[in-house]
Amino acid sequence: MTPEPTELITGIRELSTQTDGAPRLADAALVVEGGRIAWIGAASAAPAADVRTDVGGRAALPGWVDSHTHLVFAGDRTAEFEARMGGQPYAAIGILTTVSATRAATERQLVAAATRLRREAEAQGTTFLESKTGYGLDLASEVRLAQVAASVADIVTFLGAHTVPPGVDRRDYLDLVTGPMLAAVAPHAQFIDAFCEVGAFDVEESREVLEAGRAAGLGLRLHGNQLGFSGGVRLAVELSAASVDHCNHLEPGDLDALASSATVATLLPACDLSTRQPFPPARRLLDAGASIALATNCNPGSSFTTSMAFCVATAVLQMGLTIEEAVWAATRGGARALGLDTGTDAVGALRVGGRADLQVLDAPSVAHLAYRPGVPLTWAVWRQGVRSGAGRSPAPLSP
Ligand code: NIG
């Protein structure tokens, strides 16, 4: 068998590995081979390789793991956003606007739009992402969305329980979601989710959906406590869901429940800004011992961004996280929320033998992600060892 060509990436002023033992290395290098990392260490001790790439004194870190997106949709909700900025409250009823446009779109249009967003995310350092269904809400449309999501995203979550479509009896819809729709979508998905929120699905309905998903072999995640006290956090912990997402309004006992569980609290700061919701208590969650992830929640209604760097900067500047905590939450935290923090398929950290998913910043340190908010700092991205995009200025970073 011909050996895979090796690439030495050197000139890394600061390598943030996000591993437990050696999170930040100075003047480092790494070798990529066959999509995996073959070596990590001091640049001065680097082995020879077929190709040598000098990143000129920049910082490198794992690619972002965006564990919560709704990437497959059609239509435009700019007017709704403008009205919201003019004082209208966010209402999940806007989901139905997207459902109509999405049902009317061709598969080709959906693939093209989702691919564009995926590329936009990757150009900003995201190397692994999840996408949900949930803008179809009938059997054929949800299957179509799951198939499109599977062709564009790394992980697919079935979100038939996003809202009850108009003209459909609530009980009939739940029977559809937990019966024939689940059976048809499950082969294309890894997780099931439900919108456990006041005005959407209550705790008992969400439990029914998640338990049906578990019986069909899917992992569990849950939208909870975004717009009010929905009971979603407690339900997610009770069912040992991989993640409970939003967590803006924690109820008494939620903090302790999360801290003593393996359920990750996935926080979505861009969504909080775009819906003018209070931020979740990120600092208190961490101090209590809970695991948190940061994700974009990219969707046309409540959070139309693919920028994980924006989420990291906001988490540091507005939510009281340190740089290290925010970067961990956007890499390892996302991986943990997807059940991919350990094992051969693990993502979100740079370790020998692991996936070569990394990004280089046009900056000497990861601190610049928050120190220079809003500046597009991604300089180069490798996904499974393959460099995407040309990178920007090839000149070394000035000292
Ligand atoms: O996470 N379950 C809620 N879904 C999205 C909102 C979707 C929309 O408004 O289109 C959310 O915020």
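Including glycine, each Cβ sits where the backbone N, Cα and C put it.
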Problem - Site co-member for Fe(3+) according to TrEMBL, given His68, His70, Asn297, out of His188, His223 - result: His223
Completion exercise
Checking TrEMBL, the member of Gln226, Gln384 that binds 4-imidazolone-5-propanoate with Arg77, Tyr135, His162, Ser302 is Gln226
Handout entry: Pairwise CA distance, Arg77 (4-imidazolone-5-propanoate binding site) versus Asn297 (Fe(3+) binding site), rounded so that it is a whole Å
Key = 15
Practice task
List the Cα distance (Å, whole number) between Gly301 (N-formimidoyl-L-glutamate binding site) and His70 (Fe(3+) binding site).
Solution key: 10
Practice task
Using the structure shown, find which entry in His68, His70, Arg77, His162, His223 (the binding-site residues) has the sparsest Cβ neighbourhood within 10 Å.
Solution key: Arg77
Exercise for the section: Measure from the Cβ of Asn299 (N-formimidoyl-L-glutamate binding site) and count the other Cβ atoms within 10 Å, all protein chains considered. Expected result: 26
Fill in the blank from the handout: Filtered by Cβ distance under 6 Å to ligand 1, the binding-site residues His68, Asn297, Gly301 reduce to Asn297, Gly301
